């Protein structure tokens, strides 16, 4: 990841870090968050590299601009009046569809940056590959930057950790079920694993948790109505079902799907209990990372 064409990806990592600051820059007589300015610069750099070197084309840039405009529209249009309500609902649906398509790499105009390919990481005969997609990186940055209010004090962090104290127990139970069902042990730890953890955090976990928790789960709470725990936990269960369905792949054996559902349920519980996406992101990271390190992972 030290080649020059990885620069836009490193820039996105820095931009995500800037989401925790209140730094703003002057752009055409406007005050714009620093993370947004850096994200735009990274997008232009990715355009300069082109899809063949892990960047994007003009078509891809167009999709990212639409995504950014839709996210801002959804975030700042109030629910006052039927007309604005329809605008907000329309922005939500458009943001949902475009974000999902970008996460699934189904929209044209984007390339992939190969970190490593067909490398034997452990004792498995299967080769593993790690490929980065700029569209997924920007989805995570935009959804996190626009829709999330990050933790900015130790008090908020301590409160969130207190409510999330059961998460390790739940993740351990999920792993126990996985071992009994289908997982085969294949311990591995090397430089490739370290790159996997880094890429998985910034280009998978942040994007997916922002999409499923902030965009879907939080919105479902509004649709269900009510302010009790029943509402937030019901939304978490429904989101876990959606999470499982969207993660289905014909190459994945059916017995694995309950494990996917249970992991999604844990991530949803952590967000519902703490109202902090950072902890669900960390749970997602440790789940993916330990699965890759401990078990057979193609």
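Cβ coordinates are placed from backbone N, Cα and C, and glycine is handled just like the others.
TrEMBL entries are annotated by machine, without manual review.
Per TrEMBL, the features are:
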| type | residues | note |
| --- | --- | --- |
| DOMAIN | 193-289 | domain 'CAAX prenyl protease 2/Lysostaphin resistance protein A-like' |
| TRANSMEM | 6-25 | transmembrane segment |
| TRANSMEM | 32-50 | transmembrane segment |
| TRANSMEM | 56-77 | transmembrane segment |
| TRANSMEM | 89-110 | transmembrane segment |
| TRANSMEM | 130-151 | transmembrane segment |
| TRANSMEM | 163-183 | transmembrane segment |
| TRANSMEM | 195-216 | transmembrane segment |
| TRANSMEM | 228-246 | transmembrane segment |
| TRANSMEM | 252-272 | transmembrane segment |
| TRANSMEM | 279-297 | transmembrane segment |
Given pairs 6 or more apart, does the transmembrane segment (89-110) have at least three Cβ pairs under 8 Å with the transmembrane segment (195-216)? yes
Non-local residues, at least 6 beyond the ends, that sit with Cβ under 8 Å of the transmembrane segment (228-246): 100, 212-213, 216-218, 220-221, 257, 260-261, 264-265, 267-269, 271-272
Mind checking which residues of the chain, 6+ beyond the ends of the transmembrane segment (56-77), have their Cβ under 8 Å from one of its Cβ atoms? 43, 46-47, 50, 84, 87-88, 91-92, 94-95, 98-99, 102, 107-111, 134-135, 138-139, 142-143, 146-147
Going through 32-50, 130-151, 252-272, 279-297 one by one, which has the most CB pairs that fall under 8 Å from the transmembrane segment (6-25)? 32-50
Could you pull the average pLDDT for the domain 'CAAX prenyl protease 2/Lysostaphin resistance protein A-like' (193-289)? 88
For a three-state summary based on DSSP, what are the helix, strand and coil counts in the domain 'CAAX prenyl protease 2/Lysostaphin resistance protein A-like' (193-289)? 84 helix, 0 strand, 13 coil
